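The block underneath contains the structure these notes are about, expressed in C-alpha cells.
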Amino acid sequence: MSAAMRERFDRFLHEKNCMTDLLAKLEAKTGVNRSFIALGVIGLVALYLVFGYGASLLCNLIGFGYPAYISMKAIESPNKDDDTQWLTYWVVYGVFSIAEFFSDLFLSWFPFYYMLKCGFLLWCMAPSPSNGAELLYRRVIRPIFLKHESQVDSVVKDVKDKAKETADAISKEVKKATVNLLGDEKKST
C-alpha cells in the first residue's frame, strides 16, 4: 500500500462511528493495530465472496445496506449535495442490476465474480467526489439519457395516461357493481 493510501486508510479507521468504535475496542483488548484487524476482516470477506455459500447475498447486502442507510441520513439532512451523490449511486446501481440480470447466469460461474462485483459497488459508493457512480453516470449513463430523454418522456407520459384511463375505468366499474349489489340487496330484504 502506498504511504498516501495507508494514511487515508488509517484516518478513515479513526473517524468516529460505530465500526471504528468496535475496532478501537478490539484493538484495546487484543493489542493488535486496528489497521491489521480491518485488513484481516476485509481479507476474510473477500475470501468468503470467492468461496462462501451465499456470496451473492453478502455482496448485495454490502451494495445495498450501507448506501440505503446513508441515503436515509442524506434525505434527513439539510444539505442537498449528499442527496445528489446518493441518487447518482442508486441510478448506477439500478442500471447495473438490470445489466446483471441478463448476464448473471454466465457471470456467477466465475469464481471471483462476487468479489469483483462487491469491489465495483464499493468503488461506486466510495466517499469521494469522483467515485465510480459519479464517473459512470457522467461518462456513460447521462449522455445516453440526454440523447433519449424526449422519447422516454413520451413513452412514460403515454403509459401514465393509459394507466390513469384504466384506473378510472376500473373505478367506474367497481362503483357501478357496488351500486348494483346494494340495489339487489335492498330488493331481497
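Just so you know, glycine gets a Cβ as well, placed from its N, Cα and C.
Pulled from Swiss-Prot, these are the features on record:
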TOPO_DOM  1-34  topological domain 'Cytoplasmic'
TOPO_DOM  75-84  topological domain 'Cytoplasmic'
TOPO_DOM  124-189  topological domain 'Cytoplasmic'
TRANSMEM  35-51  transmembrane segment
TRANSMEM  54-74  transmembrane segment
TRANSMEM  85-103  transmembrane segment
TRANSMEM  106-123  transmembrane segment
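In terms of DSSP helix, strand and coil, the topological domain 'Cytoplasmic' (1-34) has 25 helix, 0 strand, 9 coil. For the transmembrane segment (85-103), the list of distant contacts is 63-64, 67, 70-71, 74, 117, 120-121, 124-125, 132-134, 136-137, 141: same-chain residues at least six beyond its ends, Cβ to Cβ under 8 Å. Taking DSSP states H, G and I as helix and E and B as strand, the topological domain 'Cytoplasmic' (75-84) has 6 helix, 0 strand, 4 coil. Sequence-remote contacts of a segment are chain residues at least 6 beyond its ends whose Cβ falls under 8 Å from one of its Cβ atoms, and for the transmembrane segment (54-74) they are 45, 48, 82-83, 85-86, 89-90, 93, 108, 114-115, 117-118, 121-122, 125. Residue counts for the topological domain 'Cytoplasmic' (124-189) under DSSP, split into helix (H, G, I), strand (E, B) and coil, are 59 helix, 0 strand, 7 coil.
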